[in-house]
Amino acid sequence: MGKITCLEEGFAEVKTLVSCCPKLEHFALKKLEKVVKELEFKVKICKEREELKIKEHELKEMIELKKEILDLKIHKELEEIKCKKEACEAHLHEELEELKGKADLFGHAINPIERIKYGFQEFKIHFEEKKEYYEKLAECHKPKFLIFTDCDSRVDLCKILNLEVGEAIVVRNVGCLVAAYGQEGTCPSAHAAIEYAVKELQVEHILVIGHTKCDAIQSLMKAHHEEKSHFSEHFSNWLKIGEHTCKHVKGVHSSKSFEEQYTVCEKVKKLRSSELDGYYI
């Protein structure tokens, strides 16, 4: 209505000017042209204003949509954090219960029977996880290594070398000694293990692995220094297997102290009955 009224007023004004004085026709046309331009400008302003309103409305809708999306995202992240928190709390609770169980087993009053039960339960879990491997292992025994080591409870070669079950035959004895052929007596267990591993199972790698601060070697060295040993006769007789090593160390390193000779003797200890190298850790 505003546009029509404006046009009507403009034409009415032009008609009035022309009717009053025909000579003013040119001036009236100029006046009409000015009115038309003003009208076009107003129409343009109105159009731009409408476009701005539309854009403003679109922007408001976009802002609301982004806000909803952001709210949903934040809600989702909060739910994920909550789930992770609950999972972590459950895991920590399980670890705490496990530690409590271990504390009961390894505390001041150790219960040997419970310790064995707990260990077996842990193995059964491990067994189920690797059941296929153990089933194949039951059908075929093909170890890669034959290892001679000390019977010290702190020297667990499978853990130290990270060996799997079935990878190695481990022979443990006092001092990590292997007697020369015939020296072991009527029951040569070490030689039987070598024969079984090499001939029967075709093991290709044989290792002799000793350790530091070995009580057996220390006792052997003390005997050669004419010091009394508190170990039994059976223990002392077994250590005679290593006498050749002890004599060799004393002869070559006679100028060194007992502690130094003791360390050297640990390091040069090897198999007498074969040409296999020994490994020292």
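Quick reminder: no glycine exception, Cβ is built from N, Cα and C everywhere.
Per TrEMBL, the feature Zn(2+) binding site maps to ASP152, HIS211, CYS214.
Everything TrEMBL records as a feature, shown here on the structure.
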{"residue": "ASP152", "record": "Zn(2+) binding site", "Cβ neighbours (10 Å)": "17"}
{"residue": "HIS211", "record": "Zn(2+) binding site", "Cβ neighbours (10 Å)": "17"}
{"residue": "CYS214", "record": "Zn(2+) binding site", "Cβ neighbours (10 Å)": "21"}
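Highlighted in sequence order, ASP150, ARG154, VAL155, CYS176, GLY210, THR212, LYS213, ASP215, ALA216, ILE217 have their Cβ within 8 Å of the centre of the Cβ atoms of ASP152, HIS211, CYS214, the residues recorded for Zn(2+), and are not part of that set.
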